[in-house]
């Protein structure tokens, strides 16, 4: 109820001061609040908000060993890459949470470039890191970017994806991770600067420099091109971690040529290119090799941490199919389980899936496609069959696209009764 004093003047419902004693009274449904009480409430809320903000900032960052242990649960192999990424990410977020303003030492940002063949796990590693740290994550394709003023996407659209991933919470987005894929595709065509305009190569590298280093960027809220009569979202990229990935096809030859040039003279040990595989050569990469490949010096300078990934062999691909928490085989078993069917994929079948992926040169990325091809028929039929208890995938199902073996239970609806009759059949004999 509205409160009045003895002179029937309006009073604050909280502190009791009259209209004459305060600067302003704000009316609510049956109550009034004065400007002094509003200010006091504002201070209380701000103090509580600051406390929660400080708690969030100093929240414990996982140690490099802890980050790697979590990565091991999801990513098979690539131990050297996981160690490098764990240290780099730990140092990055330690830098954000540290009170650098109180010291004379400025901790600079260290972005990451990942080199590795297709399907070696570059994108998945970046996604898993963001999941571990619980920060917003966005993926961009470098091939769709062009220099400002040309047909294609502006580099600021990358930041819009991160803002959207953070539900438009700018403060949260400013501590996120952006993965730029196919970064090798924006290399300039030759090591020497071009006299012609390269809007999708060197031009994009130049456009990315500022946001990689750290700047206050203006992002169009609806994406697309900027124009002078629209509002922009302001975002500071200083604390955003950029991870750039690419296959860098052919860079192994650049490294080999550099190493080969040192092997001159009578006493020199000469190594042929066959002595080292691509993965081993990538371990010897230097910034000058990236320059030779076509990245400009300023761009390479903003990606000081170089992480290399190895090609996945047959053993690693089989492990990827079965061991991680979200392994493909476990995913398919879960799908079949939803139809009350057990799925068994035999070891010989798993090995043949890995061999096919190596033949296709698709790495881990191609494993799902191979499984889908082989199991499309049975996944189409089983939901309509009420008496299937188990599905067994052998090598011939993968190699020859033959039908899997099904174990039927003719009395499926009364399985709890003793002696339920079970039969083994090939899928062709099931109507």
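Glycine too: its Cβ is placed from the backbone N, Cα and C atoms.
Straight from Swiss-Prot, the features:
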DOMAIN    1-53  domain 'ClpX-type ZB'
BINDING   12, 15, 34, 37  Zn(2+) binding site
BINDING   117, 118, 119, 120, 121, 122, 123, 124  ATP binding site
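Sequence features annotated in Swiss-Prot and their locations in the structure.
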residue : record              : DSSP class
12      : Zn(2+) binding site : coil
34      : Zn(2+) binding site : strand
117     : ATP binding site    : coil
122     : ATP binding site    : helix
Seminar exercise, completed: Fewest C-beta neighbours within 10 angstroms among the binding-site residues 15, 34, 121, 123, 124 belongs to 15
Exercise. Any idea which of the binding-site residues 12, 37 has the thinnest Cβ neighbourhood at 10 Å?
Worked result: 37
Exercise. Judged by the number of other CB atoms within 10 angstroms, which among 118, 120 is the least packed of the binding-site residues?
Worked result: 118
Problem set entry | Chain-internal residues near residue 119 (ATP binding site), provided their CB is under 8 angstroms and they sit 6+ positions away | 312, 357, 362, 363, 364, 365, 366
Seminar exercise, completed: residue 121 (ATP binding site) to residue 12 (Zn(2+) binding site), Cα to Cα, whole Å, comes out at 63
Problem set entry | Additional residues around Zn(2+), ordered along the sequence, whose Cβ is within 8 Å of the centroid of 12, 15, 34, 37 | 13, 14, 16, 17, 22, 25, 32, 33, 35, 36, 38
Problem set entry | Check: same-chain CB within 8 A of ATP site center, minus 117, 118, 119, 120, 121, 122, 123, 124 | 116, 245, 309, 363, 364, 365
